[in-house]
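Student: I have a structure I would like to understand better, so I am pasting it below and will then ask my questions one at a time.
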Amino acid sequence: MINWTAALLTGVACFGGYLIVLVKKINSHRKAEEKIKRARNRRDESLQRAEQAVLRYKESHPTTDSALILTLSLSELTQQLNKGLLSPEDVLYSYMEKTLAVNKKLNCCTEVLLESLDQLKTVGSNKDGLLYGVPVSIKENLAFKNHDCSCGVIINLDQPAEKDSVLVQVLKKQGAIPFVRTNLPQALLNYDCSNPIYGQTVNPHNPQKTSGGSSGGEGALIGGGGSLLGIGTDIGGSIRIPASFCGICGFKPTAGRLSHCFIFCMKLVPSSPGPMARDVDSLALCMQALLCDHMFSLDPTVPPLPFNMEIYRSSRPLRIGYLENDGYTQPSPSMARGVREVKALLEQAGHTLVPYCPLKMDQIIPELLIKGLFADGATTLLQKLKGGPVDPCLEPQVFPYGFPKWLKKTISFLLKPVFPRVSANFGALCGVGSVPELWKQHAAVEDYIHETIAHWRSCKIDVLLCPVIGPAYNFLYCGKTTTAVSYTILYNLLTFPAGVVTVSTVTAKDEEELKHYKGCYQDMWDKLFKEGLPVAVQCVALPWQDELCLRFMKEVEQLKNK
């Protein structure tokens, strides 16, 4: 009888514990759904109010030539605004109308900033600014007063920023009008663009493809014509990949050249905010506007280096390193073709091209990059994702992060003889293990940066031409083949400035050659990397030589447009 009573009490206690856990889970799910609903309602309300404002303005200003305004480049637009040939009101409402139309097709906006309509009343006080009257789109993780910076993560909702990020403050000081915020992938750690709050953003050239990430909303909006200048952030290619996928230009400055204050992103591998636009001149103008005394005053941690226009406008012949294959991820046929075609044009223009190969890619990807991003074994990332669903685009990527350390090590050991690359990356997901190991890892990163600079100088090159991931992939694909970011994330680790210029489009021959793609390792990731829109190349320079990198990008752009 005593044993039966004990068993019954134990069973009741277990069942009670199960009910408590179940109730907590149901309550957590309900709270997450309520948060998502509130965020979506805020977005929908901002879109509806913006539509009403646009209609009212069009009725009261029937002669506004929005079609003409939307065709102007940034330099042409700023000239007409400065001369008074266009009003900031005409420009803002024209772009707001276009943005609303583009968003209906691409789902690229998280909200319209209705404060921009109020800013029109005071923008005249910044008429001397380099971006006077220019509507600017901004990625959702840049702090904007009284608005959430969710980063696509439910736990971050209902926590509005107390002040604007430094870059938003500088944009306003230069006369720009931030008017819309754009979508990103959950936790920023994917090069697709989908999250459980705002959904999937699609590509402006093909709605069956992703716009890229993590600045995918920016890429889609600018590529679709709804914005002519935007601000993204880049931790592994997050500006450059969507620029490549969406057929625009994007620039990741030297880490630390622009202020990070009140920008929500990961810090273990240096992240860089930077401009995205239709052409390179727009990127340069944006950098010139941001690199001003106002930014240096707001954020004293940024070196006070104004934009050097003399370097950007230089025409001296360059010695250019180039590579088609980094030895870690075999490029798609269109990626390699883009580099070959640009190389030939540069040689014809009088530049010197020399072969270049990155150092130790098979070692630095797992040991420095993956361990740098997941130094704690991905514990912090997984905690951020608690309390809500994981987006389908992130699921295959995040799934192994939650494995216990012993299981990660076991899988790494078992895979080593067959798939050494997969084995090394699985082992790296365990993190650095201890504080002394973290110090060693940081020292190894510094050593690698100096080793790469020495190698660069031994080749006597000014800049580097290399592939960037492309063309745009299908949905749910990016989380399955994370190794493809080797072409972009390397320059985050090195802190080198790097930018992307669209140079071509995919051809039938590219698609045919893709059928024979094998990869560098012929493992599961190489078998997945077979997808195929715009084709781009990447331009790279040494740290703090941002103007030289942009000058090189401009050279490539001009040669391809001849």
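Note: Cβ is positioned from N, Cα and C throughout, glycine not excepted.
Those TrEMBL annotations? Automatic predictions, nothing curated.
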Student: Looking at 22-56, 57-91, which one is coiled coil according to TrEMBL?
Tutor: 22-56
Student: Could you state the whole-number distance in Å separating the C-alpha atoms of Leu188 (substrate binding site) and Ser238 (active site, acyl-ester intermediate)?
Tutor: 8
Student: Enter the number of other CB atoms within 10 angstroms of the CB of Gly236 (substrate binding site).
Tutor: 27
Student: Spatial neighbours of Lys139 (active site, charge relay system) among the recorded positions Ser214, Ile235, Gly236, Ser238, defined as Cα within 10 A: which are they?
Tutor: Ser214
Student: Taking the Cα atoms as reference points, how far is Ser214 (active site, charge relay system) from Ile235 (substrate binding site) in Å?
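Tutor: Spelling it out, the Cα of Ser214 (active site, charge relay system) and the Cα of Ile235 (substrate binding site) are 9 Å apart.
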Student: Other than its own, how many Cβ atoms are within 10 Å of the Cβ belonging to Ser238 (active site, acyl-ester intermediate)?
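Tutor: There are 37 of them.
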Student: Around the substrate site (Leu188, Ser214, Ile235, Gly236, Gly237, Ser238), what further same-chain residues have their C-beta within 8 angstroms of the site's C-beta centre?
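Tutor: After dropping the recorded site residues, what remains is Leu189, Tyr191, Gly213, Ser215, Thr233, Asp234, Ile239, Ile241, Ser271.
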Student: For Gly237 (substrate binding site), which residues of its chain lie six or more apart in sequence with Cβ-Cβ distance below 8 Å?
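Tutor: Listed in sequence order, they are Tyr191, Val468, Ile469, Val485, Tyr487, Thr488, Ile489, Asn492.
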